[in-house]
Each structure stands twice: as C-alpha cells, then as structure tokens.
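Enquirer: Okay, so TrEMBL annotates it like this:
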type    : residues                                                                                               : note
DOMAIN  : 97-255                                                                                                 : domain 'CP-type G'
DOMAIN  : 106-253                                                                                                : domain 'EngC GTPase'
BINDING : Asn146, Lys147, Met148, Asp149, Gly197, His198, Ser199, Gly200, Val201, Gly202, Lys203, Ser204, Ser205 : GTP binding site
BINDING : Cys279, Cys284, His286, Cys292                                                                         : Zn(2+) binding site
Amino acid sequence: MKKEIEEEVGVALEGVVTEARGASYLVSASDGKNYRCRTIAGTQTENIDASLVSVGDRVRFKESGESGEAHPQGVITHVGKRFSSLERKRDVRRNRSKEKKQVIASNIELLVIVVAAFEPPLSTRLIDRYLVFAESENLPVVIVVNKMDLDDDDEIPALMAPYTLLGYTVILVSVRQKRGLEELDQLLSGKVSAMSGHSGVGKSSIINVLTGQKRMKTARTSYKNGKGVHTTSNAVMLPLISGGYLIDTPGIREFSLSGISREQLRFYFREFLQFMPECSYSSCSHTVEPGCRVRGAVEEGLVDPDRYESYLVLYDGLESEQ
Ligand SMILES: Nc1nc2c(ncn2[C@@H]2O[C@H](COP(=O)(O)OP(=O)(O)OP(=O)(O)O)[C@@H](O)[C@H]2O)c(=O)[nH]1
Ligand SMILES: [Zn+2]
C-alpha cells in the first residue's frame, strides 16, 4: 500500500497543518506554498489513540496532482510526534468507551491568556483558573491584560504584581493606545502560541495587529447564535508578521478543568510547592487540616490570600479521586 502511494504521487514534502476543515487540511509547506491535503488509509502517525491530524501537526505529504482548486492538492503520508497537544475535554460520564483523544491543536509552545482591565472587569479568579489549566498542561504561559486605557484609577498594576512575583510574564496592553504590543510581539516571535480569553477582551483586535490581517469577527458572532459552528469550532493557525504562528480557536477559549482532580489541584499553585512538604499530613488538602503549613503561609503573608481563595473556590468545584 505504502509503495503504491509513493509511486502514484510526486516528491515528498514537509509542512505544518495550519487549518483543519472536516477531512481537508491546509498545509503550509517548506517550499513556501500552501497545499490542500487529505489523509488516506495508509497515512501513518506517531500519535496513538488520538485524532489523526490537527492544526499544528508537522506532516510529510506528497503532491497528488489533482487540480481545479485554489491550492495545489496533496496527500498526507506521515504525521509527526506531537510534543504537546490541547484536547477537547469531554463529559466523562458520556465517554466510557475508549474513544480517541480529540486534539484541537498540537505542538503549542506558549499559551497566551487575554483578559481586559475593564469591559469586562478583570477577575483574578478567572486568571487563576487559566493558570491552573496552563500548569496542568505544562504549558508556558503569558498573561495579557488588554484595555489598559480604561484603567483610570491605576488599579491594574497592583492587582497583577503577585503574578509577576510568582514568575509569570504579565504584559499590559492597550490596542487602542498601541501600548505593550511590541513587547507581546517579541515574545511570540518565532513560536507557535495559542490564544485564549473571554469574549470581548480584545483578542481579535490583538490578532489583527500581530498578523497584519483583518480577522473576521462574524464567525465568532455567529457561533454564539448557534450558526456557522463549522467555521468557528476549528482551530486556525495565523502567521505572525514577526514569524511564528498564533492559534485562534474557540475550543481552547472555553477549556475546562474537568480532567483535574482535587488531589492534583495543589500542584498547580506553584507558590504552595515549597510549603507543602511541611504540612502535618502528607495528603494535606490545605483546606481544614491542623498543622497545614500552606495556610500558615497565607496567614504570615507569604502566600497571597486572594490566590489561596482561588484555590478554595476551584477545589470546591472539582471532584475527588476517591
Ligand atoms: N478601550 C479599549 N477597547 C478595546 C481595546 N481593544 C479592543 N477593544 C474593543 O473591545 C471590543 C471587543 O474587542 P474584540 O477584539 O472583538 O474582542 P474579542 O476578544 O475578539 O471578542 P470575541 O470575538 O467576542 O471573542 C471591541 O469593541 C474593541 O474595539 C483596547 O485596548 N481598549
Ligand atoms: Zn497543608
């Protein structure tokens, strides 16, 4: 079968999948062209029990010679090993069978969390939730606070200071005032990043600046109305002016913490780690146990009380392993 493919089609090419639409994939190839590719029964993969192809995948393919489309056509012969993947979280109760992991995007190097200073108001609870997700996926993360022009009382820098102290990169941005965008651009340059954030925080506005393109807002709007789902539920990888790619997908925006247990949560608050070994109980949940060093650290001002409050809120919302 494999031999047959090799004989039928042209030279082997390599590329990155930048768009997935049904069974059709747009591949940005090393020869500088874009190819519209499909898979075949003989397509090989190094990723077991997961979607065959996703945006961000590095693939080998061959030109198939079919014409009549906007792009030259190709056949994907091999999907490279993913070093990271974002999966669509499913309802555990409805997924008892051994279903394949649904991969939204692969090989992401950086997660960009976007929040707004105002409109909608900044919620540290939400930021902590995003950070837990990023830590659980082992993804480097940057927090972008957009709409800084609306921070009239200059409250945001103080609110964000604890995150900088924890080692997270925080970039204060205003698309309106063209502030902070160069710093963000430099950080994303040459990398594959995925952007996430609630509706209205200014993701499209930021993407437009960094890609130099006008990204259509209509697709997202219609998503909310339940229309045009096929265009919005797919990830798209947009080339950045300064090199690298930004992955934009509603699937990542609405990610959930459903795969995380109460027992795992404590490891995703990085400031707890140094205190946890000193808790009286080795399995301490840092909620009610006597002799809890994490709570001690909160009382002594060594751990930010607002971050600890986020831990309690998230803990309440998660299920126990037992
Ligand atoms: N004041 C202010 N408004 C901004 C800024 N950036 C974007 N906006 C406005 O915020 C609104 C939402 O911006 P979008 O870029 O569409 O936000 P989005 O995150 O892509 O929203 P969805 O498409 O719903 O996910 C628009 O009216 C923008 O003009 C900014 O820096 N300052
Ligand atoms: Zn404890």
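Cβ coordinates are placed from backbone N, Cα and C, and glycine is handled just like the others.
Keep in mind that TrEMBL annotations are predicted by a computer and have not been checked by a curator.
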Enquirer: If you skip the near sequence neighbours and keep only those at least six away, which residues in the chain come within under 8 angstroms of His286 (Zn(2+) binding site), Cβ to Cβ?
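Expert: For His286 (Zn(2+) binding site), the qualifying residues are Arg266, Phe272, Met276, Cys279, Cys292, Val294, Arg295, Tyr311.
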Enquirer: Which binding-site residues among Asn146, Met148, Ser199, Val201, Lys203, His286 have CB under 6 Å of ligand 1?
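Expert: Cβ < 6 Å from ligand 1, in sequence order: Asn146, Ser199, Val201, Lys203.
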Enquirer: Enumerate same-chain residues with a sequence separation of six or more from Met148 (GTP binding site) and a Cβ-Cβ distance below 8 A; give 'none' if the list is empty.
Expert: Ala117, Ile156, Leu172, Val173, Ser174, Gln177, Arg179, Gly180
Enquirer: At 10 angstroms around each C-beta, which of the binding-site residues Asn146, Ser199, Ser205 has the fewest other C-beta atoms nearby?
Expert: Ser199
Enquirer: Could you check which of the binding-site residues Val201, Lys203, Cys279, Cys284, His286, Cys292 have their CB within less than 6 A of ligand 2?
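Expert: Correct list: Cys279, Cys284, His286, Cys292.
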Enquirer: Under 8 Å between C-beta atoms and at least six apart in sequence, can you list the same-chain neighbours of Val201 (GTP binding site), or say none if there are none?
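Expert: Val114, Val115, Ala116, Pro120, Asn146, Lys147 - these are the non-local Cβ neighbours of Val201 (GTP binding site), listed in sequence order.
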Enquirer: As a test of the contact definition, list every same-chain residue at least 6 positions from Lys203 (GTP binding site) whose Cβ is closer than 8 Å to its Cβ.
Expert: Val114, Met195, Gly197, Asp248
Enquirer: Can you name every residue in this chain, apart from Cys279, Cys284, His286, Cys292, with its Cβ inside 8 Å of the center of the Cβ atoms of the recorded Zn(2+) site?
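Expert: Here the non-site neighbours turn out to be Met276, Ser280, Tyr281, Ser285, Thr287, Glu289, Gly291, Arg293, Val294, Arg295.
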